[in-house]
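Trainee: There's a structure below that I have some questions on.
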């Protein structure tokens, strides 16, 4: 029986951890081209290239490290994986504040991907600790913390960076992240992790988890559409700043306009994420994803066609309302399909595959923006969003909460080993 008071306390800490982590990581994202230009005298093409590399860099090392951290969480403690990720992020933010060249910044971003991963660790912890009937709602609310952090980060980033400078801003966030880590060490309580002597004899190999995820139709197809969602989303990141500048015919500063656009997107995401989670709990996950990704694609195309800030703002709001359903739905399918003692391994393995889209999308988006126009980038990525829905539309997957195929595969493996 789950102790509700402990669970509520744990959830608040996880929500706060994700909020601080994402806010700290997103303070620079909308202003990344400006930040790169401040580090070194670069051409427009070089700025876009370095910005794309900087966005993609953490994903490269995350792809390698995420399954390993997930497996360690299942084996040792999911709580300490959350704390490890917070501490790693705090150290990397501190090092970012000391960077003086784009290359140094990219190298630290690689370290961030290797030692960070707060969202993955929190998702694994939450999915193992939460009541089974509320997992969708819990993942939806955790997604709202990501959205809230992504909203607050750019807002405080633009204002604080103008007053204190980028280095002081990063130093401050590093200190706050470290404080949250200490608080989590004192207050976070793990109740579902079994001592090693009581743990069932389950094969927890990373290679085995990849096989199970990719050989099961439901998880495989959801991971594919998740990869495409990340590809499209991250492909638009470096294009937003120049797109906003090109359609800004007002007296408002471009940096402020970008902040308003990001605020609109993430506010919409905060409001909609828990709602999508509740729909998933009611077993509508396939329908939710198909509807949301098509609407998200249409919103991206509309942004590419925008000729003024008002139209661009409306399209950003629509994208925020729908994008919040996507990755949480992928994780919902995965955590409901795997064994209780394998949540971390499967979440880590899934994230390792999802970041492939982040890497390729960041670089592709930067390349398209450099050699065509920002509007073209948004239209291309919108088409990717919409077309990805075909992987679910053309499947035989039904709207169900649990798919126990993965559990059965692990049980068969266990029996054959005896």
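Backbone N, Cα and C define each Cβ position, glycine as well.
When I checked Swiss-Prot for this same protein, it listed these features:
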- 19-39: transmembrane segment (TRANSMEM)
- 49-69: transmembrane segment (TRANSMEM)
- 88-108: transmembrane segment (TRANSMEM)
- 163-183: transmembrane segment (TRANSMEM)
- 222-242: transmembrane segment (TRANSMEM)
- 257-277: transmembrane segment (TRANSMEM)
- 287-307: transmembrane segment (TRANSMEM)
- 317-337: transmembrane segment (TRANSMEM)
- 353-373: transmembrane segment (TRANSMEM)
- 377-397: transmembrane segment (TRANSMEM)
Trainee: State the non-local partners of the transmembrane segment (19-39) in its own chain: residues 6+ outside its ends, Cβ under 8 Å from one of its Cβ atoms.
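Mentor: Cβ under 8 Å, 6 or more out: 47-48, 50-51, 54-55, 85-86, 89, 93, 99-102, 105, 112, 116, 118-119, 145-146, 148-150, 152-154, 156-158, 160-161, 166, 169-170, 173-174, 176-177, 180, 237-238, 240-242, 255, 258-259, 262.
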Trainee: Pairs of Cβ atoms less than 8 Å apart decide it: which stretch in 222-242, 257-277, 317-337, 377-397 has the most with the transmembrane segment (49-69)?
Mentor: 222-242
Trainee: Most CB pairs under 8 Å with the transmembrane segment (317-337): which of 88-108, 257-277, 287-307, 377-397?
Mentor: 257-277
